[in-house]
Amino acid sequence: MSALSGAPEPAGRRPGRARAAGLALAGLVGLSLLLGLSCGSAGCEAGALPQALGWAGEGPEAALTQAIVERLRLPRVLAGFAVGGLLALAGALMQLLLRNPLADPYVLGVSGGASLGAVLALGYGLGGLALGVSAWGGAALSLLLLLLIGRQGLRGLGLGEAAEAPSRLLLSGVLLAAGWQALITLSLALAPEARLRGMLFWLIGELSGAEPWAPALAVLALATAAATALGAPLKVMLLGDARAQSLGVPVRKLRLALCLLGAACTAVAVTTAGALGFVGLLVPHGLRLLLGADPRRLLPACALAGGSVVVLADTLARSLLAPAQLPVGALLSLLGVPLFLLLLMRGEGRPSGAAPADEPAPPAAEAVDPGSAGKEYLAHGTFEAVEAGESFESAEAVEAVEVVDAAATPRLQARALDLGHPGRPLLRGLDLSLRPGERWALLGPNGAGKTTLLQALAGLRPPQAGQLELAGRPLADWPLREAACLRGLLPQQPLVPAGLRVDEAVLLGRHPHRDAAVRDTPADWAATAAALQRLGLAALAGRRLDELSGGERQRVALAGLLAQDPLLWLLDEPLAALDLPQQQRLLDLLRERADAGRSLMASFHDPSQAARWASHALLLAPDGRWQAGPAEEVLRAETLSALYGHPLRLLATPQGPVFVPA
Ligand SMILES: Nc1ncnc2c1ncn2[C@@H]1O[C@H](COP(=O)(O)OP(=O)(O)OP(=O)(O)O)[C@@H](O)[C@H]1O
């Protein structure tokens, strides 16, 4: 049993903050419901609710109040709550899907489609069920078009061409929304004057009190439960599709689920109350600044806060110019603009160490310094503890590893592998075996296919021909999570999700080692603490990732891989953005991991560094040829000169070989 198993609970959990955030949300929900039920066109009456509940007063006046609260205000408040919750949830889901804080049902044109459907129905004098069906049809058509236009985005994994897929999907949505808007304007211009007011009023959003609140509330509850259940893999997806897939997350399925769930929420909200703007944008954004980026906390909070915001706005809309009632959609937009700007400004001025609620706290980030600090944080475990085992909590993976190592099966084996992109053949007929303890340097000129090969070896890109085996079994046959215990990938450009803290990002490396339903264990935090310490990041543990320098971010990504600690490490330009001492420290760390039995392959641009570090080398030429073997045989001046098409000279120095341009 290793030291990890005895690790105490993470010292930094802040149940107090979590409780405060939960209480604040509960207070907001309670206050909004109270005000919504107590206030009306005649102002706010403190006794309305007790009277409605039969606790105070009798006679005709109490009966009238009771009827008003029960028949008018309660359905309106419940419908408003459901609509607000659905829109905020849909916004948060779409922002996760597209990794863009500007995404929301309105920007993507989903609610525009629903609005067009409803306006057309109203234009033809239809109402009731026909109106609802027409709006549903519009939302569904929008989603279908979005899926068709952005098919590549959903099919892709965020690699190569698909890296731009989220922004392509967002752009498609913006265009779609503009198209719907034009059609809506046209419909309004052609509509009979008598129906114009109803259509306009519906367009800007209205809660009249007659809404079918029960289905909307039921959908809100179901959608919130489903979204929260997906919270753990969604959090890993913040790191980008390639890294998430390499950590065992079924990215494509998850994206599709996000898309369908977001569209369903939008369609129900729009058919219930028309077009209410800003909630899907404002609420998730504000909560992300207050609570952090963790979807497990953010999504249910959006449902509650979104509901409360719409109820409060509607209460204001009913009371502000009573007895006149303002359309809540217009009021929301009016209040939303300055609020959004305020939140943005506050977000920018947020102190960098500020931790969101309920997170295992950064180890006294305010007090740490690189030398002494982190020790308290590391009280739970050490790097040696991580080495001592317990990384592989999946029984199948442990078994596979034991079999592999006992039989000296290569960790990774490629046979007759062909790689390329459509119309761009790259590697031809690669045969390769990576064994325990080997350190492979991957070299080749720009565009030779190093990234493509590493992605294929990680199982993220299917080869055009040939076989790939991981631990003696075809790579494609491994369940995602078990494969993630065996191999890990450091992508060339790790993503920097806004609002995520350094220690949270590193902790995500533990994802494949635990059941999705289980929250982070002390062992996970011990491995995280050890990785932070090893990469010299203990003092930055509580900082937000988007506030770090390029080199610091690269070290965070490397710490995540160390926390994952797979048997096979695939690293795409791990030295990028690191200064010289950091490069040296990283190469030492990678050498240590190889000595501990891991197999490594890392791409390099500097052949001198590769020659001093690697035990083996693989050279990729731009014409698809390759050469592999022990480093001292492959990394020679004449071979490298031919590879790069530039003469290189080898200098023997006490520190090892150095290649210089001749
Ligand atoms: N999605 C794609 N579709 C078509 N071609 C692609 C795609 N992704 C990469 N390529 C092309 O494949 C070739 C290999 O790209 P890759 O990124 O694997 O090269 P690399 O060796 O890692 O380059 P660098 O050293 O510049 O990082 C390049 O010519 C690139 O233009």
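Numbering starts at 1 and runs along the chain as it is shown here.
Each residue, glycine too, has its Cβ placed from N, Cα and C.
Keep in mind the model is a prediction, meaning the values are calculated, not measured.
Feature list (source: TrEMBL):
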COMPBIAS  354-370  compositional bias 'Low complexity'
DOMAIN    401-647  domain 'ABC transporter'
REGION    352-371  region 'Disordered'
TRANSMEM  77-98  transmembrane segment
TRANSMEM  130-149  transmembrane segment
TRANSMEM  169-192  transmembrane segment
TRANSMEM  212-234  transmembrane segment
TRANSMEM  254-278  transmembrane segment
TRANSMEM  298-317  transmembrane segment
TRANSMEM  324-345  transmembrane segment
*Taken over the domain 'ABC transporter' (401-647), the model's mean pLDDT*: 90
_For the transmembrane segment (212-234), distant same-chain residues with Cβ under 8 A (at least six beyond the ends)_ = 75, 78-79, 81-83, 85-86, 89, 92-93, 96, 244, 249-250, 254, 257-258, 261, 264-265, 268-269, 272, 294-297, 299-300, 303, 307, 511, 516-517
*Compare 169-192, 254-278, 298-317 by their Cβ pairs under 8 Å to the transmembrane segment (130-149) and return the stretch that comes out on top.*
254-278
